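J.: Okay, these came from Swiss-Prot:
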type	residues	note
REGION	1-407	region 'Disordered'
COMPBIAS	59-70	compositional bias 'Basic and acidic residues'
COMPBIAS	99-109	compositional bias 'Basic and acidic residues'
COMPBIAS	183-226	compositional bias 'Polar residues'
COMPBIAS	258-271	compositional bias 'Low complexity'
COMPBIAS	317-327	compositional bias 'Polar residues'
COMPBIAS	372-385	compositional bias 'Acidic residues'
CARBOHYD	N485	N-linked glycosylation site
CARBOHYD	N647	N-linked glycosylation site
TRANSMEM	792-812	transmembrane segment
TRANSMEM	834-854	transmembrane segment
TRANSMEM	869-889	transmembrane segment
TRANSMEM	906-926	transmembrane segment
TRANSMEM	939-959	transmembrane segment
TRANSMEM	965-985	transmembrane segment
Amino acid sequence: MDGPSTPGSRPPDYSLPSYDDHDDSPPPGHHQNINPAAIRLLTSVEGDPYDARPYVPRSPDKPSSPEHTVKPSTPSDADLYPEPLALKKDAKSTCATPEHLDALKRQEAGRVPPSPAPIDAQTAPSTHHSYQELPKPKLKPARASTVKLQKKSHSQPNLPRCAGVRASLPVIPEGPSARKSALQKSSTSCLSTPQTCPNKENSGSQSDISSAQPTQRRSYQPSIMSDYSRHDTILDPPAMPPPDSTYVPFQGRERRTPSPTRSSPTRPWSRMSNDYTRPPPSTMYEPSDLNGSPRPGTPSSRYGGSPRRPLPPAPLFSNSARDSQASFADDVTVSIPLDHDPDDVFGPETDISDNRYRKNSYVSQDTLHDDREDDYVHDDNEENDQQGHYGPAPDGKQERRGVRAPQMSRKEVQLINGELVLECKIPTILYSFLPRRDEVEFTHMRYTAVTCDPDDFVDRGYKLRQTIGRTARETELFICVTMYNETEIDFTRTMHAVMKNVAHFCSRKKSRTWGELGWQKIVVCIVSDGREKIHPRTLDALAAMGVYQDGIAKNFVNQKAVQAHVYEYTTQVSLDADLKFKGAEKGIVPCQMIFCLKEKNQRKLNSHRWFFNAFGKSLNPNVCILLDVGTRPGGDSLYHLWKAFDNDSNVAGACGEIKAMKGKFGRNLLNPLVASQNFEYKMSNILDKPLESVFGYITVLPGALSAYRYHALQNDETGHGPLSQYFKGETLHGQHADVFTANMYLAEDRILCWELVAKRDERWVLKYVKGCHGETDVPDSVPEFISQRRRWLNGAFFAAVYSLVHFKQVWTTDHTLARKILLNIESFYQLLQLLFTYFSLANFYLTFYFVAGGLADPKVDPFGNNAGFWIFTVLRYTCALLIATQFILSLGNRPQGANRLYLASMIIFVIIMMYTSFATIWIVIYQFSNDNIHLGSNVFTNIIVSVLSTLGLYVFMSLMYLEPWHLITSFVQYYLLLPFSICTLQVYAFCNTHDVTWGTKGDNVMKTDLGGAIGKRGGTTVELEIPSEQLDIDSGYDEALRNLRDRVEVHSPPPSESQLQEDYYRSVRTYMGRDLDGCQCHPRHGRQRSLFEHRHW
């Protein structure tokens, strides 16, 4: 737009005048602040380029004649400091001719000396020759008016009047002025004898001023110049930071030795200082921190945003001396310092006349490396000695530099339907990189303080965003993610997988239900059980996604205790398991999220009551999916789960395949506990779930990955139904909460499955979806594994008893006769399985007794010398004593307090199982080496057929499913840990049927740490403390990001002294009981009868 420009066609620091037809001068008092981000709007430019002729540099040893100086026609700031070589166009100005260009070239070469012509008062002094010597130029057509951002005057130029004004100006004398002569003389003297030049510490007199290049004469020089009233010139040298500065200047240019006749161009903002002091941070730019990163901003930042937002890097040769006075007015003349500063040039101990704006020459920069450098270092050492030591470092946690603590202010807020509902702006950084900002759901987070029971959520008038305003939508899929105290890694693993599944729904373009806007039909609800139990880093992850903001929640509203804090936001970013942001560039689509943070810890069943009875009743979804934090569903698992309901209208519930998380390259399988659970999960998904799906009744839909049809869960007109039975265990208190019911509701998902299938006058079935799979983290330590299985075994046992007792309900349903018969067959199968589980401990001991005792026979003894008999005798008494020890441990010790005892028991059981397996293999080999093999043989039937019917079934079904890898990686671990699972887990579960508490004691006290909303004006408004401004919201967001980036660990509180002492006393009691029991055992003398002697057993 400015026309072609070639290197060297313009002088350094040359800038075109404003795009206008007239001379624009700002109004009085207008700040001409140099803004690097300023934008000039230009719509049309006609005519030749403004700066058409090339720039010819002048000879530095010859001062320019006064005829060459152009004076502006309007008194403004530019009059005080005219721009070098910036020519103003006028209506009568002449253009450059070939003759004129030739004369300039000859003048540069020294062939033709300059011959200034006399100045006529009626002609514009804009050329080097008189108007009569040049040919008459060809007039150009008038330019069209340009559009600009500043307001301009519409008056046309009056050329005769301008000529009269120029005629009234005083005649400029020829030759250099006295001030310029002094400058040149000072520069010459410093170059000739640098040692004799004055060298003051903070000198600001004109004697120190030297210039490497002559400039135009200034008509006015103020006594004290403010930073904003001064225009930059080419005389400003580049700033050289002191050695202790962390900002490294630009090194791209070739640094040359300055001379009076040659000087490298500088930046218009460059300033320099001879002081070895760190410049104060500016409001616009700040130097890098100790790590080389941009220093966070301050509240006085020009961005007005977060104090932790990184500012842009400083410009080339930047210095903060100019910006240090930004708080003063533009027309300031004398600044009154608030505190005494020895470096303040306007301080009380300095003379104002000697501290004008300094322009140091290049010579002063070069002398930094000569003999005077020692003087500087000596002065700095003396100054440090005078100041003394700063003292010892402060103790304790220090406030991070540049951080602005969030400030709270009391504000009066209008209540909505008598309840506290706030619309909070999202942090500025999060808003800056959002792809969509067109709706309030993207720009504001909605907070609701719920003060009622979840069953009364809708009746009390609470609303969700999906039911009000422009965001009112139909919900097809409602996803529940329950959480307790899981870490941010577990949360982000699950949440990122859910958001990828939402993106998969939107990618199905041909679907009649889904498509590009499919995310509007999906709502994700996160329910956290207990505000004081949630992991702080998990809150930081939610805050990073924009769902949560600290400082908004309150404990009570109008003297009513808050039961749950509900946050609503449609996020467009996700955090993966590595805590890295993923957005639209990775295929992430918007996701409607509801975060329900319960005030009290009331167990998982209460979380589901909030999900179904509060939020589900408000949204009325079609399908509800239940997930646990830590479970990672596959990329399209949720779609396959939803598709099962879409294909069959009789499906009331469905589940997918749960896999144990094996880690990278399967390294988690090196832990025997993880490997055994992996084999157990795989065989359950291969044998149990498909068989139960054929019958139509799956005994348990795992809460880690399952789905239900919301319509099928509803109660009938009398209030009886699946949900009423499901939440019955939460409302049982006192004498009504019997032990049987309390343990049964430890596995409440089993009760829900039975109530769905046996619902009166309905024909609902449950289905297993093979295409849906999810990975979950399994316990990897013995105490955690025992505690988890205690709830599972007790819940499964009592729920199976419940379904067997109420099996007659099947005949009241609307199922077909064939389906009813199949359900009764399945009930009989469950009865057999229940009996086998109940007597599994005796079955294990009998198996060990007869199989391992088979090696006690001298005919089969592989060791000889009757060694098999003695080995079996030792293991027999060890096994009996170990089983008795499990009862003592289960009745008196916690798994966390008796970790060593349980670990020792597991090792001994593994040894016993290894010897039993060896005995089995040896007996099978011995039988095949004998010719008397027939099917009626007791040994052949009891050993070989039983082994083939169990292990062979595992191998055959795994090969049929084309998934045999768990047989290779996990079968051995599972087989060896079978005695530990049968004896230890089974005994501990039945010995702790009284333990049905979830640690909710003392949660009935209302907390006041968050503050409250106090009612005003008859209860229509409340007064509460909230963040005072946007900067406080940004500070909390930056704090959350820093915690996630630094991976700040949250240490769990150690066990109390009383708990440790109690565990110690219980361990001593267990040792005494074990020793007493062992001392009463006496071995029976005599030869052990082997299995081969019991021919008719």
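Glycine is treated like the rest: Cβ placed from N, Cα and C.
I'd like these features described in context: how deep, what's nearby, how far apart.
T.: Close to N485 (N-linked glycosylation site) in the fold, though at least 6 residues off in sequence, lie K533, I534, H535, each with a CB less than 8 Å from its CB.
Around N647 (N-linked glycosylation site), taking its Cβ as the centre, 9 other Cβ atoms fall within 10 Å, counting all chains.
Nonlocal intrachain contacts for the transmembrane segment (906-926), taken as residues 6+ away from its ends with a CB within less than 8 angstroms of a stretch CB, comprise 782, 847-848, 851-852, 854-855, 860, 862, 871, 875, 878-879, 882, 939, 943-944, 947, 975-980, 983-984, 1091.
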J.: Which range out of 792-812, 939-959, 965-985 gives the transmembrane segment (869-889) the most CB pairs under 8 Å?
T.: 965-985
J.: Cβ under 8 Å, sequence separation of at least 6 from the ends of the transmembrane segment (792-812): give me the contacting residues as numbers and ranges.
T.: 699-700, 740, 743-748, 750-751, 754, 757-758, 760-761, 820, 823-824, 827, 830-831, 833-834, 837-838, 985-986, 989-990, 992-993
J.: Using DSSP and collapsing to three states, where does N647 (N-linked glycosylation site) fall: helix, strand or coil?
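T.: In three-state terms, N647 (N-linked glycosylation site) counts as helix.
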